[in-house]
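As given in TrEMBL:
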| type | residues | note |
| --- | --- | --- |
| DOMAIN | B:12-204 | domain 'ABC transmembrane type-1' |
| TRANSMEM | B:20-39 | transmembrane segment |
| TRANSMEM | B:51-74 | transmembrane segment |
| TRANSMEM | B:80-100 | transmembrane segment |
| TRANSMEM | B:145-166 | transmembrane segment |
| TRANSMEM | B:186-209 | transmembrane segment |
């Protein structure tokens, strides 16, 4: 649906050139919710703006439903934009217009007739739960309500793609949850492809199917939300995942490792899906001559799949521990040794 | 007092005519110029730095000449436009020459106040440059435009009084020919009071109007 092909972007301000994006290639499939996370300045904002041509790449191309933006002229791009709705962190509503007029605006621009506008705006305001606010002005609404107006406006032209630019970053946690639920509903009801950027990993966990992590203008990691959350590969990826998963090795475990004179066998075990419910640890104790001691653990759900994270110490001979590990391998349990410099 | 009440009333009407007519012409010329300044600015909707710079310099030149100089300097032009250089009509020409570039600047600054996010939303919706100005920028700037137009019209009241110095008619004329040249203190006082009332009235009206627009 959206395809970034080797996109690079340089900004030139006062003779100083900065690379905002470096050779980014990504593909967003139709109907999915794709999240891009990164710290501020990572380039995610520039990237999302390439989809509706608020920014243009220095090199590379962006394709929307197979259509190249680089090869399209201004008029064609305007037509493509009708298929792309966008919501913003600061809502970007017209303060001088009523809620009704704000939502109607994209239709007015296209010269849709009044009756049709009326039908569509009423339907949309009902959908976002603001049916009674059509005559209000944006400054009479709460942040969550403003974003609902933004969403209704973005959907006015029946777009195939919805871009969300930090859409919940200015909202409180409860409102954020409500808006995310609304976005999920939009995705499921209308099959709209959603591309969102955020610095909040909880947003990604809540609604995304796939996620890309950006750093310094590059995509450094990409995969399903489950893969990234259960097994982040880069340091930035890990630190993002840790913000919501609390996967970091607790301080006391590291202290244990540091202060203990002899070698200790401490492992992180990740249980996925069915294996999360299985009594693997008790099996290990029965089968092998080791004692297991759970130092830390939690079980969460990722995309409706149970995901367990345990930090376990195996107390026993090195050889026994080695056979425990091969047993874990045979059970498809992801594990990694916790070392002194672990994070 | 050396002047009759009728005379005062007729000069008030003259002043109002001068101010309102020159105000309308100044808006007709200044508003499009201000919009042009706004859209051609670097990084703005049309991004035409050359046009912007040329316009910018021309407007600065007009803006740097004091009104009293414009009044006499463009007499040949005034004569060409209205056929005379004395009287109410003749005062309107230099008043427009004075106020139009001023209004262009005020319009530019009002439009620049519009939140970039609104422009981004317009762009995301695929609005044409004309639609962006008409549907987004102008409505969002309207309240601020009204405040700035109030400033401009008050400037024109001051200019109209000065135009009295060259026989432009109106309240200013009265103040100079009677109050100043014939030492008639009462007339001077009355004209000053009239001007104060006018300015206060216009300012209050402008404030209320701007507030109403903001709320609506």
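Just so you know, glycine gets a Cβ as well, placed from its N, Cα and C.
Caution: TrEMBL annotation is automatic and unverified by curators.
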Stretch-level contact, the transmembrane segment (B:51-74) and the transmembrane segment (B:186-209), CB cutoff 8 A, at least 3 pairs: no
Positions whose Cβ lies under 8 angstroms from the transmembrane segment (B:80-100), at least six residues beyond its ends: 14, 17-19, 21-23, 25-26, 29-30, 33, 62, 67, 70-71, 74, 152, 155-156, 159-160, 163, 166-170
Intrachain residues whose Cβ lies under 8 Å of the transmembrane segment (B:186-209), provided they are six or more past its termini: 1-3, 8, 12, 15, 146-147, 149-150, 153-154, 157, 161, 171-172, 174-175, 178-180
